[in-house]
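Below is one structure, written out as structure tokens, with a few remarks after it.
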């Protein structure tokens, strides 16, 4: 009894300290906008961002149903103020003053669909949203979740260039779900606690363009070539695994929201000056001959502070790297072409 009272009193003391810290301004004010907030990824992502103490203002935008999501999430007793915006007429208000814009907008994959099948619908949505970002919050960090990320990031870059507002340090393709899956699958096979696992994932964010670097995984485990090949394949096909398991009722929305919230948190920490924040992300890059590439990135007050080298690759990974380049190149070119039509 006495112990539970102590736990309760220590918890309430901790909360009051947190409240004092927020009110004294020790944590910067940060507005986060989610575009596509009423969708399958958007709703759980809105919930997770409402739980993040670094967010002071949470702006939820979608073409329909946003007032309900905002009312629901807005009742949660955490720091951020929540406002819902619905329809194109309210997009400007949703974006103004945003420090970070997360874009899960668009249609999800269904069984039998490839990420390229999504292109025709989602590319147009991303083009319009990028135009609005360039106009209403040109200095915000942009986290692109809408698939196919390999193409939608180049689309956004081209739209920002046309508006004279492109800063390559502030545009990110969110590939965190590939890292999350690689960690989970590796921990299972290596029989190590998943919380201790790190696995860099490079390349892109679809099928064979996803290349987990298990040779650099920590803690190291002596896994056979066959197991590593199977782990690589499972990481690449993780999205399809969920689409098929849901049998037409959706795609990887919950794990994607989790991964999106993790990466957004890293971006906010970087903006707030936390040192040595390193995550994998699909960004403009010169570490290969391709203009966009996912690899480890150090995040800071300006977004990308440094794109880190790939490090040593195994022979299997070197082959995978060469094999993914033509498909990734084609996806990038497809995005650029679409943006300039």
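Every residue number used here counts from 1 along the chain in the order it is shown.
Yeah, the Cβs are placed from backbone N, Cα and C, and that goes for glycine too.
TrEMBL labels come from automatic prediction, so no person has curated them.
Look at TrEMBL and you will find 31-173 tagged as domain 'Lactate/malate dehydrogenase N-terminal'.
On its own chain, residue 256 (NAD(+) binding site) has 41, 45, 104, 145, 177 as residues at least 6 apart in sequence with a Cβ closer than 8 Å to its own Cβ. Look at TrEMBL and you will find 36, 37, 38, 39, 40, 41, 42, 62, 122, 145, 146, 147, 256 tagged as NAD(+) binding site.
Per TrEMBL, the feature substrate binding site maps to 109, 115, 147, 181.
According to TrEMBL, the feature domain 'Lactate/malate dehydrogenase C-terminal' maps to 175-338. The average pLDDT computed for the domain 'Lactate/malate dehydrogenase C-terminal' (175-338) is 97.
The active site, proton acceptor annotation in TrEMBL covers 205.
You'll find the Cα of residue 147 (substrate binding site) roughly 7 Å from the Cα of residue 122 (NAD(+) binding site). For the domain 'Lactate/malate dehydrogenase N-terminal' (31-173), the DSSP counts in helix, strand and coil order read 65 helix, 28 strand, 50 coil. The separation of residue 109 (substrate binding site) from residue 42 (NAD(+) binding site), Cα to Cα, is 15 Å.
Geometry remark: residue 36 (NAD(+) binding site) versus residue 205 (active site, proton acceptor), CA distance 20 Å.
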